[in-house]
Structures are given as C-alpha cells and as structure tokens.
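TrEMBL annotations:
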type	residues	note
BINDING	9, 10, 11, 170, 211	substrate binding site
ACT_SITE	94	active site, electrophile
ACT_SITE	164	active site, proton acceptor
Ligand code: PEP
C-alpha cells in the first residue's frame with residue numbers, strides 16, 4: 001500500500017480542550033500526505049475535531065457505531081449520525097467493546113453493514129487472546145471473527161481490517177515482524193475467500209494494532225507486512241503520533 005494508514009484511537013482519554021489541542025497540533029504539523037492519518041476522538045468531540053482538521057488531509061473517525069439504523073435505542077449513536085458529523089471512518093468490534101460491552105459477531109456484522117451502507121470506512125478489529133495464541137488457535141479465532149465481512153457489498157467503499165492481538169493492546173508487548181507478516185498474509189487470504197479477488201486486493205487494507213510506538217512501527221508496516229497501524233496510547237501524544245507517521249515516511 002503506497003499510503004500507510006496511521007489511525008489514532010483516543011479511547012475515553014481526552015477532555016474537549018485536550019482533544020481540540022491535539023487535533024490542532026496535528027493540523028499545524030501538516031503530516032506528510034503519503035500517510036492516511038485518521039483521528040478517532042470520543043463521540044461528543046467529533047464535531048470539534050472535524051472542524052479543527054478541516055482543510056487538511058487528516059480524516060476523522062469514530063470509535064464505535066450502533067448496531068441499529070435508528071429508533072428507540074437510548075444512548076446509541078448511529079452510522080448515519082457519524083457521517084453527518086464529518087466522520088469518514090469508524091472502528092468496529094474493538095476488543096474492549098467485545099470485552100466490556102458484550103459485542104458479538106452478530107452485532108458486529110450489523111454495525112459493519114450499517115457503517116458500509118452510510119459510506120463510512122469500517123476499521124474491523126480482530127485478534128486473539130493470549131491463551132488462544134498459546135494454544136495455537138489464533139488463525140481460527142481470526143477466521144471466525146472475519147466471517148462478519150462475508151459478502152459485504154463494498155460498492156465503492158473500502159474495508160480496513162485491524163489485526164489487534166488482545167494481549168498486545170496497552171501492554172507494551174507486540175507481535176514480532178515475522179508474526180505480523182504471517183498475520184497479514186493469513187488475513188489477506190481469508191479476505192480473498194470472503195470477498196473475492198478484486199475487492200480483497202483493491203478495496204481492503206490490513207493494519208496492525210497493539211503497543212505501537214515511533215520506535216517499533218517499522219517492524220509492522222511495509223512490503224509483505226501490514227498496510228498501516230491502529231494506535232492507542234501513542235496516539236494521544238502529538239509528538240509520539242507524529243513520530244509514528246514520520247517513521248513510515250522515511
Ligand atoms: C488499541 O486499543 O486499538 C490499541 C492499539 O492500543 P495501544 O496502542 O495502546 O496498545
């Protein structure tokens with residue numbers, strides 16, 4: 001992929017003023033256009049962040065979307081609403097939502113379908129737990145999680161699959177470069193089966209997430225490796241996040 005994705009998942013970490021300041025810092029730095037940079041703030045601050053980065057090539061994404069299109073779903077935010085707010089991307093099925101909000105494949109498939117329907121690029125998170133890796137089940141786990149993409153009518157849209165081993169998130173542990181290469185190859189092969197050759201090659205990207213920093217990002221991205229990264233902790237520090245973007249543009 002010519003333009004690696006560098007996607008920041010700010011989680012529930014930043015206040016309004018800190019979100020705006022981080023977006024401003026990113027916009028002022030004008031990261032190189034050879035990377036596709038996406039910022040994913042908390043729901044209430046999406047509009048402020050979208051306004052701050054308007055006119056730059058930085059895009060905005062959401063961290064989640066409802067599994068329903070509209071109606072009596074108190075507290076939910078729909079894909080259509082996110083589109084109206086200026087989002088281009090949405091994270092779907094993050095392991096923290098699978099763990100804390102009980103999201104299962106059936107809900108994730110509905111979220112994925114709605115995101116795609118509203119023209120948001122879904123960033124579908126998949127990944128195994130430590131015991132699943134230790135017992136050699138990681139491929140099966142990912143294959144099962146990826147079935148939600150089967151037959152997704154992508155039309156002109158794009159799908160990003162984020163391989164995020166649960167044990168690597170926020171732990172300081174990462175996969176090795178060889179494991180990243182193997183995971184990228186495995187996921188691309190599964191996407192080929194699920195979506196066919198043209199779509200899987202032209203409209204899908206596979207990225208890595210889990211304790212990415214400016215110092216280690218080059219281990220995961222490149223030829224035969226991943227098409228970019230999904231970044232948690234390192235994305236809420238402008239200097240570190242810009243360091244990741246710049247490392248991929250050397
Ligand atoms: C994440 O939660 O998507 C993530 C990759 O977090 P971290 O970079 O902090 O491991």
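Each residue, glycine too, has its Cβ placed from N, Cα and C.
Automatic, uncurated: that is what TrEMBL annotation is.
Bear in mind that the values here come from a model prediction, so they are computed numbers and not experimental data.
By the rule that a residue counts when its Cβ sits under 6 Å from some atom of ligand 1, the binding-site residues 9, 10, 170, 211 yield 9, 170, 211. Cα-Cα distance from residue 11 (substrate binding site) to the residue listed as 'active site, electrophile': 10 Å (rounded to the nearest whole number).
Less than 8 angstroms from the CB of residue 10 (substrate binding site) sit 19, 22, 39, 40, 41, 42, 63, 235, 236, each of them six or more residues away in the same chain. Between the CA atoms of residue 211 (substrate binding site) and residue 94 (active site, electrophile) there is a gap of 15 Å, rounded to the nearest whole number. Each of the recorded positions 11, 94 was scored by how many other Cβ atoms lie within 10 Å of its Cβ, and the smallest score goes to 11.
Site extent for substrate: among the recorded binding residues 9, 10, 11, 170, 211, the largest C-alpha separation is 14 Å. Here residue 9 (substrate binding site) is positioned 12 angstrom away from the residue listed as 'active site, proton acceptor', judged by their C-alpha atoms.
Mapped onto three states, the DSSP output places residue 164 (active site, proton acceptor) in coil. Here the recorded positions are 9, 164, 170, 211, and the one whose Cβ sees the fewest other Cβ atoms within 10 Å is 170.
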